[in-house]
Amino acid sequence: MTIALGKLTKDEKDLFDTMDDWLRRDRFIFVGWSGLLLFPCAYFALGGWFTGTTFVTSWYTHGLASSYLEGCNFLTAAVSTPANSLAHSLLFLWGPEAQGDFTRWCQLGGLWTFVALHGAFGLIGFMLRQFELARSVQLRPYNAIAFSAPIAVFISVFFIYPLGQSGWFFAPSFGVAAIFRFILFFQGFHNWTLNPFHMMGVAGVLGAALLCAIHGATVENTLFEDGDGANTFRAFNPTQSEETYSMVTANRFWSQIFGVAFSNKRWLHFFMLFVPVTGLWMSALGVVGLALNLRAYDFVSQEIRAAEDPEFETFYTKNILLNEGIRAWMAAQDQPHENLIFPEEVLPRGNAL
């Protein structure tokens, strides 16, 4: 008996092979399997945002004007969150709230869930696109891993935080001034700037900006002169075989400046990846904590002493008073459905007043 060993070859391509060939074909803009998720979701998210900021009011959800049609500009227009009474409803157009009525769906805030969900899956599709392309050209997947950081922040802020609160109402609306209002809300109600996870996020973002500036300047400073051009761009040869800049010179320079310097390019670039990604992930974890109403640092001894001694005040106690002011003034206008009325005598006043 004869046994033949070898790979089983298919005589003809099946549907999957045909789709794979078409999706992963070499073209100007790569599509790929990830594109089946990315492109439709990005299209609907951006389309929903442009539609909402152009035409849709927030009168029925926030008591606000939020569209170009009502007189807003690019900084003040927004796609606003649904009303608090709708809690965590996904607000499908065909759901029990809108019942297929597109106008009513827009009035209830359906565009916000539409933009948020399609935006989230669009970002995930973009990360998968980086995985797919990296695998195709045999690269490591660190670009996709790095992009997980802004995705983590987006998911924590726009989904996990409002899921921990009473509804989508407390998520940020999609607009510039709307995001600023949300930041003030986070400070007043959660003392976010004194949260250690926020501190790590700030250190990550600002540290990454510093590293980026230092690295770019150092490379420009230590470029090899491989041409006779008047500037570094004309002198650059895209097919050069040697390295572009002198790591040895850069190392000697920073060793003299700081006393320490990176001596290994791999460690240097990993550090530039690690700092911002870790910072953003820590910030995302902090927002998850806020969803559960975990508190930031409380320096109670300073608050007690400030309450007892009119002459004692720290920057911390001043900030606590500012937070109380934000809560008292903001809650009434930010949550009109609660009909909150604060008498003048209960509004916070600092020691200086």
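In case you wondered, yes, glycine gets a Cβ from its N, Cα and C as well.
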### Query
According to Swiss-Prot, which stretch among 41-61, 251-271, 314-334 corresponds to the feature transmembrane segment?
41-61
### Annotated stretch (transmembrane segment, per Swiss-Prot) among the listed ranges 19-39, 103-123, 208-228
208-228
### Summary
Swiss-Prot record, transmembrane segment, of the ranges 83-96, 153-166 the matching one is 153-166
### Summary
Students should find that the Cα atoms of Asn143 (pheophytin a binding site) and His118 (chlorophyll a ChlzD2 binding site) sit apart, in Å rounded to an integer, by 22
#### Entry: Spatial neighbours of the transmembrane segment (279-295) far in sequence, C-beta under 8 Å, 6+ residues away
148-150, 152-153, 155-157, 160-165, 186, 190-192, 195-198, 200-205, 207-208
### Query
Least buried of the binding-site residues Gln130, Asn143, going by other Cβ atoms within 10 Å?
Asn143
#### Entry: Whole-number Å value for how far Gln130 (pheophytin a binding site) lies from His118 (chlorophyll a ChlzD2 binding site) (Cα to Cα)
18
### Query
Within 10 Å of the Cβ of His118 (chlorophyll a ChlzD2 binding site), how many other Cβ atoms are there?
21
